[in-house]
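One structure below.
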Amino acid sequence: MMQNDDYNNATREQQSQESQASKAKKQQKAIKRAQDEQLKRDGEERIAARKEQEQEQTQKKCKNVVEEERDEQDENEQEPPVKKKARKKAKKPVEEPVGEEVVVKEGLRRSSRTKRGT
């Protein structure tokens with residue numbers, strides 16, 4: 001009988017140790033799973049934060065480019081390009097000899113030489 005009780009006590013103790021060990025393993029797995037999930041969330045949050053930051057930077061760059069273009073357009077509108085006026089050359093009158101007289105066609109400019117008569 002004593003041996004039977006000792007055997008029963010030993011098996012109970014072994015079973016309780018095994019159950020405690022399995023509980024500890026389950027607890028460790030749960031802790032590890034929670035840590036992994038937390039790391040995953042942190043990683044996702046970092047990725048999301050990085051994406052938001054990149055979007056903000058691109059929006060700022062776009063705004064800067066648009067503002068620069070507006071400024072350039074405003075400057076161009078305010079200060080039209082200065083063009084030098086080209087001098088028009090005086091057209092020489094077409095002279096057609098008719099007998100001894102020189103006839104000058106009307107509507108053409110006369111140069112100073114024609115006014116002098118030379």
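Along the chain as shown, residues are numbered 1 onward.
Even glycines carry a Cβ here, placed using N, Cα and C.
Taken from TrEMBL, the feature compositional bias 'Polar residues' covers 1-12. Each residue in the compositional bias 'Polar residues' (1-12) gets a DSSP state, and the totals come to 11 helix, 0 strand, 1 coil.
Residues or ranges marked as region 'Disordered' by TrEMBL: 1-118.
TrEMBL lists 13-22 with the feature compositional bias 'Low complexity'. Each residue in the compositional bias 'Low complexity' (13-22) gets a DSSP state, and the totals come to 10 helix, 0 strand, 0 coil.
The feature compositional bias 'Basic residues' is assigned by TrEMBL to 23-32. Residues of the same chain that sit 6 or more residues outside the compositional bias 'Basic residues' (23-32) yet have a Cβ under 8 Å from a Cβ within it are not found.
The compositional bias 'Basic and acidic residues' feature in TrEMBL is assigned to 33-67. Only residues 6 or more beyond the boundaries of the compositional bias 'Basic and acidic residues' (33-67), in the same chain, are considered here, and none has a CB under 8 A from a CB of the stretch.
Marked as compositional bias 'Acidic residues' by TrEMBL: 68-78.
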